[in-house]
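Annotated features, as they stand in Swiss-Prot:
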- 310-324: compositional bias 'Basic and acidic residues' (COMPBIAS)
- N40: N-linked glycosylation site (CARBOHYD)
- N75: N-linked glycosylation site (CARBOHYD)
- N84: N-linked glycosylation site (CARBOHYD)
- N122: N-linked glycosylation site (CARBOHYD)
- N138: N-linked glycosylation site (CARBOHYD)
- N227: N-linked glycosylation site (CARBOHYD)
- N252: N-linked glycosylation site (CARBOHYD)
- 303-324: region 'Disordered' (REGION)
- 1-20: signal peptide (SIGNAL)
- 21-274: topological domain 'Virion surface' (TOPO_DOM)
- 294-353: topological domain 'Intravirion' (TOPO_DOM)
- 275-293: transmembrane segment (TRANSMEM)
Amino acid sequence: MLLWYTTASIMRYLMVFMLFGIQCAAAIIYRGNYISLYVNSSATSIFLKGNNNDASIRGRFLFIGDQFPVTNTYNVTVELLHVNQTTLCLQPLYRVMYGECPRIRTGAIIACRVKRSWHYENATQLTDPNVEIIFKMNNTKVEDAGIYLLVVQLDYTSLFDIFFVSLNVYPKQDTSNEDVNYFPPVYSPSHILNTFKICHKFPVHNGMEQSILQHIVTSDVDTETENLSWQKDDLGSTQKPRKNFNPDVKVNVTHETRKTLMESSADVFMIAVPITASLLVILAIIIVVTVGIYRRRSSEKRKIYRPKRTKEQASTEKRERSESDVLLEAAVARLETIQEENPPHSVINPFTK
């Protein structure tokens with residue numbers, strides 16, 4: 001019985017663990033040319049209900065296969081842009097530069113010693129892969145729904161990788177938002193890079209250059225749009241660099257490389273993580289082992305334990321044993337007497353008078 005309860009408890013915890021694993025199975029790995037992106041989900045949804053309408057997508061960057069950097073440290077730039085479906089342009093939101101990032105196994109952009117970031121105007125979106133935040137937005141509005149681009153470039157390559165994340169925003173149940181399109185638009189990466197243009201030119205400001213995408217989009221910059229400024233977030237770092245860090249990113253991408261980039265980097269290779277299948281296999285193995293142990297223990301011969309006797313039971317058994325011994329001794333004595341009085345081969349019942 002104890003084994004049965006133990007097995008039931010184990011099964012209950014395994015079911016909870018399996019459900020948690022199924023929930024996490026939505027994780028996806030996007031493989032780029034020089035760096036890969038692991039996200040818990042390719043899209044996130046938020047329901048507007050109060051003052052705290054924050055949205056975030058957690059994940060981290062990885063080095064897979066031949067993507068490992070050749071040096072012990074490297075610098076990297078990450079830009080966050082929003083696909084504006086109204087004006088058909090790419091709206092720059094946030095830019096962060098990491099310096100002196102150590103090469104730590106498969107982890108990318110981890111424990112970087114230098115960080116410099118800029119916000120675009122009053123944008124509330126940001127990305128901070130150093131703390132496993134791929135996308136974060138505060139005070140989300142219905143108009144913020146859509147597709148966001150993460151452009152990542154390492155300092156030892158002239159090309160870059162582009163990753164896409166989507167945000168769904170569901171408004172409150174009222175009539176004021178009925179005409180608002182709060183679902184992300186359906187655009188392919190190649191269509192975005194071929195059709196969309198940069199909404200605003202990136203100003204040169206304290207080590208900043210124009211957007212990495214500025215070199216690759218086919219359309220010219222919208223010069224009629226007001227050139228808004230960047231706001232400095234944090235310049236420098238909490239630690240002193242061990243060597244001179246140049247935050248400027250030298251980009252040598254030209255229009256001739258656009259076609260190659262479209263074929264290799266825009267349509268990233270997606271790998272589904274088979275967490276659910278692994279959990280089911282582990283669960284099946286544990287069930288088989290548990291059932292085998294239960295059957296083996298059930299087939300073993302159980303020990304028979306006599307219950308403890310009370311004093312009254314012991315005295316009664318002793319008295320009955322004494323009476324039986326007396327009767328047995330009397331019968332033996334009677335048998336010996338009969339054998340002496342009668343011939344050896346005579347048949348006489350010793351218990352008759």
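Cβ coordinates are placed from backbone N, Cα and C, and glycine is handled just like the others.
Known features from Swiss-Prot, placed on the structure.
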residue: N40; record: N-linked glycosylation site; Cβ within 10 Å: 17
residue: N75; record: N-linked glycosylation site; Cβ within 10 Å: 21
residue: N84; record: N-linked glycosylation site; Cβ within 10 Å: 16
residue: N138; record: N-linked glycosylation site; Cβ within 10 Å: 12
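Mean pLDDT for the topological domain 'Virion surface' (21-274) in this predicted model: 65. Here the C-alpha separation of N40 (N-linked glycosylation site) and N75 (N-linked glycosylation site) works out to 25 Å. Of the recorded residues, N84 (N-linked glycosylation site) and N138 (N-linked glycosylation site) place their C-alpha atoms 18 Å from one another.
According to DSSP, N138 (N-linked glycosylation site) sits in a coil region rather than a helix or strand. N138 (N-linked glycosylation site) and N75 (N-linked glycosylation site) have their C-alpha atoms 28 Å apart, to the nearest angstrom.
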